[in-house]
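For reference, the structure is listed below as C-alpha cells.
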Amino acid sequence: MAVSEIKAKFKLNPLTKVPNFHSRRDKDLPGLLPCQLQHKERKLSPSQMRAFQDAYNFFNKDKTGCIDLHGMMCTLAKLGMNLTKHDVHNELRCADIDQDGKVNFSDFLKVLTDKNRFLKAVVPEKGTCLDLAGNPGILLFEILSKLIETSALPKKAISEIVSYFRRKFQETTSGMVWSPDTTGYGKRRFKPDICTPPSSSTAAFANAARIAIMKEKDLFKFLDELKKCNPPSDSPYSKIPIFPLFPNVDGVVMGKPFKDIQKLEMLKRKEPLNFFENYFFHKKDWKTQEANIKPVDPTSGYTTDILTIDQMLKRKQNWTVADAAAIKPHVKRATETYNLGIALEHRKQMLNLWRKIRGDLIGIESKNESFYDTFSTYTWSWNVCQELLSPKDLKLYDAHVNRNALHNSVFSSSSDISECDTDTGRKRKRKGFKGFRQ
C-alpha cells in the first residue's frame, strides 16, 4: 500500500468532542485533596520549552511541521516500537487538542503537561489493559520516555524533562491518601501490582520517583513485598554475606537450646581462635584449596579444565541436549577453579595490605580487637561467597610474623654483640701493643 493511500484512508478528521480523561479519574481519586484538584499548572520555563521542542523535533513531520500518521509510524520504527496503524490513528486523534485535524507543537505540549494524562501514563487505572493498544492517550509519554532511555535527546534537554516530570509527580501524588479502606487507587500502592513488572518505561520511571519520596516505613513494606515476589537465585550477588559477628552469649538467646550455649562456651574456652566460625559456618580451608588448584599451562595461560572444555567444543560441531548436560559439570568445575584462583590472589593482596598498615598494632594502640572483625568483613569475596581472611587467620598471621621477627631480632642482636666484642678485643690488643713499644 502506498503512503498516499495510507494518508487518504486514515485522514485525521477534526474532532467534534475532545476525549475526556478527567471525569472518571477525578471520581476514582478519593484520597486526592481539594487543593490538589485545584492545583494550577506552572508555566514552563524557557529551558523547559526548549527541551520539549527538542523532543518534538525528533518526530517525523509533514510539510506543515505537524505530526501525521506517516510521521508517527516512521518515528515508532526508529525507536523500535511496534503499533498498528489503527492504534496510531486513535492516538493522534486523542492528541489533537485544538481539533484542527493536526498534531502541532501546541498539542504536543498540552498532552505532555496535562496532569490527568500524566497520571494515566504512570499509574494506569484499575481494570484497564497494560499495553498501549488498550490504554489510549499515553503514546506520546511512551515515546518521550524512550527518547530519554536511549539518550536520543541532548543531555541538557533530558535533564530538564526528567526534573520537570519528577516535580510533577511529587506535586500530583503528594495529596493522595493511600489508606487501605478506600477503594480504587487506595488499594493500589503495594499489594496488587508489586509483583507485576512495570508496563512501560514511563511506569518504571514513576515507580523510581515514588520510591525516592517514600517514608521509611513505606519503603520497608515495599522491600518486604519485593523479597516475597523474587524467586530464589543461584547468583552470588543475591546471597547475603555472612559477616563475622559474635553472638551475645551473656544475654538470653531466644530460640537457642541451652546445651548449644554450653557447647559454645566450652569451645570458646578450648580454642579461642577457632571456636566461632567453625561451629556456625562451614569455612573453607584455604591452604588445602590452594594445594588442590591445578597449575596454569605456561603456553596457553589457561588451566587444564578450561583446555579440556575447549577440546570438547572443537571435537563436536552439532550439539544435542544430552551433550550440553554432559559438559555442564566440566564447566562448573572450571568456573569454580577460576573463581578460587582469583580469590586466592586477592587474599594474598589483602594480607600484604594488612602487613603494610600494621593492623596488629591498631588493636594494641586502641585496646580493642574489633579491627580484626572490621578488616575481615571488608575482605568478602563473591568468587567464593565468604570473607577471604577471618579474624582467626589475621591473628595467626600476626603470630607467625611476630615470631619470625623476634627470631630475626635475637639473631641480629647476638651477631651485633659478637662483632662488638671482637672490635673491643682488637682495640685492647692495639693499645697493649702500643704500650709495650713505648
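Quick reminder: no glycine exception, Cβ is built from N, Cα and C everywhere.
Sequence annotations record features per position, and here Swiss-Prot assigns domain 'EF-hand 1' to 47-82. Outside the domain 'EF-hand 1' (47-82), and at least 6 residues removed from its termini, the chain residues within Cβ reach (under 8 Å) are 3, 6-7, 10, 12, 88-89, 91-92, 95, 102-105, 108-109, 112, 142-144, 146-147, 150, 152-154, 156-158, 160-161, 164.
Taken from Swiss-Prot, the feature domain 'EF-hand 2' applies to 83-118.
Look at Asp100 (Ca(2+) binding site): DSSP puts it in coil. If you look up Swiss-Prot, you'll see Asp96, Asp98, Asp100, Lys102, Asp107 marked as Ca(2+) binding site.
Annotation source Swiss-Prot lists phosphotyrosine at Tyr279.
Summarising the annotation, Swiss-Prot assigns region 'Disordered' to 413-438.
Residues or ranges marked as compositional bias 'Basic residues' by Swiss-Prot: 426-438.
When other Cβ atoms within 10 Å of the Cβ of Asp98 (Ca(2+) binding site) are tallied across all protein chains shown, the result is 14.
The DSSP breakdown of the domain 'EF-hand 1' (47-82) into helical (H, G, I), extended (E, B) and coil residues amounts to 22 helix, 1 strand, 13 coil. Surrounding the centroid of the Cβ atoms of Asp96, Asp98, Asp100, Lys102, Asp107, where the record places Ca(2+), the chain contributes additional residues within 8 Å, namely Cys66, Ala95, Ile97, Gln99, Gly101, Val103, Asn104, Ser106. Counting other Cβ atoms within 10 Å of each Cβ, the binding-site residues Asp96, Asp100, Asp107 show the lowest value at Asp100.
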